[in-house]
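What TrEMBL says about this one:
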type: DOMAIN; residues: B:109-226; note: domain 'Na+/H+ antiporter MnhB subunit-related protein'
type: SIGNAL; residues: B:1-22; note: signal peptide
type: TRANSMEM; residues: B:72-88; note: transmembrane segment
type: TRANSMEM; residues: B:108-129; note: transmembrane segment
type: TRANSMEM; residues: B:175-192; note: transmembrane segment
type: TRANSMEM; residues: B:212-234; note: transmembrane segment
Amino acid sequence: MDDALVVAALLLVAAAATVAVFQRDPARQAIVLSLLGLALAVLFTVLQAPDVGLAQLAVGSAVTPLMILLAVRKVRRKGHRK
Amino acid sequence: MTRRARLWVLAAGLLATAAVYAAACTELPGFGGSWHPYGDRAVHAALRQRTANTISSVNFDQRAFDTLGEETVLFASVLGTVVLLRRTRDEKRVAPEPVRVPAALRRYGLLMLPVTLLIGLYVIAHGQLSPGGGFQGGVVAATSLHLLYIAVDYPALERLRPLGLYELADGAGEAAYVLLGAAGLLAGPAYLANVLPLGTFNTLSSGGTVPLLNAAVGIEVTSAVVVLLAHFLAQALEIEGDAEEGRTA
């Protein structure tokens, strides 16, 4: 049962990471990255590391994608004025 | 060095690293086994120090000096971001226009804000007892404030987030950790030694200096993330470069 959960979480991480790499639009990439953060948080929790899971959930699925989205917005705003 | 020679050096380095790493991996205990030499010792030490969350015992007691380094990394990188993202002389602030937020999103955001903030504070306060701690709870608490930006708008966030105070708290949290370490030097045998009474196992006040160091990290991380996001938000929404427009147009 535990092993099945670990394998499922690993597959989820691999799928999310692959989609993140092949997604070329940075704004969409940020959203996929957020899902990847969620998948990693699940994986860490299944592997009995809830402390790391919590940190991953807070940083990986909320703060990092937000920073990327804000950076993308800044760059696009610059581009529009040219 | 020519490009070819550089590639050879790179290849040699990568091969050596791969060989040493592979050799190290053969000595690792198997996945999911019952033999955990480090884990067992850490749990014993945590129980002796009456800290229910072993991870917090490792972070804030057994290896508190490591955590000082990690906290300082965050502090320094936020400081660097503040310097890099400041408004320069040729840039001007433009107040962003108010945006209409769908009523459902507004209700959801305003409902979730206090809940998320409470979860963040709970995770910080119970760092010595249950999974989580100053870092995790701090990030959650800082994120919760930004639901204001999503649910209402940017000016609302700016009004309810006195940035100066958060910058002050960021420094104070970092300083508190350093000074608590010095208390170990004055009252005990070593820097960051756990010199306070250990209390009753599995209560909020247990673990000696662990809850205090944890709280210092909580304050530092909450403020650091708020300051970091504030500068990103200001760059994305407010600050416009005049000269840069002239140069690149």
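Just so it is clear, glycine is given a Cβ too, placed from its N, Cα and C backbone atoms.
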Same-chain residues at least 6 beyond the ends of the signal peptide (B:1-22) whose Cβ lies under 8 Å from its Cβ atoms: none
So what pLDDT does the domain 'Na+/H+ antiporter MnhB subunit-related protein' (B:109-226) average out to? 94
What residues in the same chain, six or more past the boundaries of the transmembrane segment (B:72-88), come closer than 8 Å to it by Cβ-Cβ distance? 167, 170-171, 174, 220-221, 224, 227-228, 231-232, 234-235, 239, 241
Would you kindly list the residues that approach the transmembrane segment (B:212-234) from elsewhere in its chain, counting only those six or more residues past its ends and only Cβ-Cβ distances under 8 Å? 56, 60, 64, 67, 71, 74-75, 78, 81-82, 85-87, 93, 120, 124-125, 127-128, 133-135, 137-139, 141-143, 145-146, 149, 154, 157, 161, 163, 166-167, 169-170, 172-174, 176-177, 180, 192, 196
Determine how many residues of the domain 'Na+/H+ antiporter MnhB subunit-related protein' (B:109-226) DSSP places in helix, in strand and in coil. 82 helix, 0 strand, 36 coil
